[in-house]
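Notes follow once the structure below has been shown.
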Amino acid sequence: MNTNDAIKILKENGLKYTDKRKDMLDIFVEEDKYINAKYIQQVMDENYPGISFDTIYRNLHLFKDLGIIENTELDGEMKFRIACTNHHHHHFICEKCGDTKVIDYCPIDQIKLSLPGVNIHKHKLEVYGVCESCQD
C-alpha cells in the first residue's frame, strides 16, 4: 500500500485528509517495517513540535481499524507497519530491526483437517528470528 491508497481509504470512510495523517502514512511507507509509536512521535515532532502521543495513538488505531496498517507485539511492545498486500499471507519478523518478509504459505488448511467440526473465523501466524542483515 502507498500513501495515496491509504488516503483514498480515509476519504472513502468519510474521514478528512490532514497533513499530519499524510505525514504519518509517509513514515510507514518509507520505513516498510514494524515501528513503534515512540519512533513515529519523534519523526513527527520534527514538523509538528509538541505533537502528543494521544494524537499518534488515535491515528494508529484509526489506521488499524481501516486496514491501512498492521500491528504486532515485539519485545513486549506494540509495533505497526503499513499493510503490505491485498492477498492472504503471513510474516517473518526480524527481532532486532523489525524488518519483515512475506510468507505466502499458510498452514491453516492443514490445521482445519485436524479440527473437524469447528469454524475458524480468523488467524494470525508470525515467525520471529533474525534477518540476514542483522546476523552480520
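If you go along the chain as it appears here, the first residue is 1 and each next one adds 1.
Quick reminder: no glycine exception, Cβ is built from N, Cα and C everywhere.
Annotated features, as they stand in Swiss-Prot:
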REGION    1-85  region 'DNA-binding'
REGION    86-136  region 'Dimerization'
BINDING   His88, His90, Asp109, His123  Fe cation binding site
BINDING   Cys94, Cys97  Zn(2+) binding site
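Around the Cβ of His90 (Fe cation binding site), the number of neighbouring Cβ atoms within 10 Å comes to 19. DSSP assigns His123 (Fe cation binding site) to coil in the three-state reduction, outside any helix or strand. Cys94 (Zn(2+) binding site) and His123 (Fe cation binding site) have their C-alpha atoms 20 Å apart, to the nearest angstrom. Asp109 (Fe cation binding site) has a Cβ environment of 7 other Cβ atoms inside 10 Å. Across the region 'Dimerization' (86-136), the DSSP tally of helix, strand and coil residues reads 10 helix, 13 strand, 28 coil. Cβ neighbours of His88 (Fe cation binding site) (same chain, under 8 Å, six or more residues apart in sequence): Cys106.
Around the Cβ of His123 (Fe cation binding site), the same chain contributes Ile108, each under 8 angstroms and 6 or more positions distant in sequence. If you measure from the Cα atom of His90 (Fe cation binding site) to that of Cys97 (Zn(2+) binding site), you get 18 Å.
Distance noted between the C-alpha atoms of Asp109 (Fe cation binding site) and Cys97 (Zn(2+) binding site) is 31 Å. The Cβ of Cys97 (Zn(2+) binding site) lies under 8 Å from the Cβ of Lys33, Cys131, Ser133, Cys134, each of these being in the same chain and 6 or more residues away along the sequence. Each of His89, Cys106, Pro107, Ile108, Leu125 belongs to the same chain as His88, His90, Asp109, His123, is absent from that list, and has a C-beta within 8 angstroms of the C-beta centroid marking the Fe cation site.
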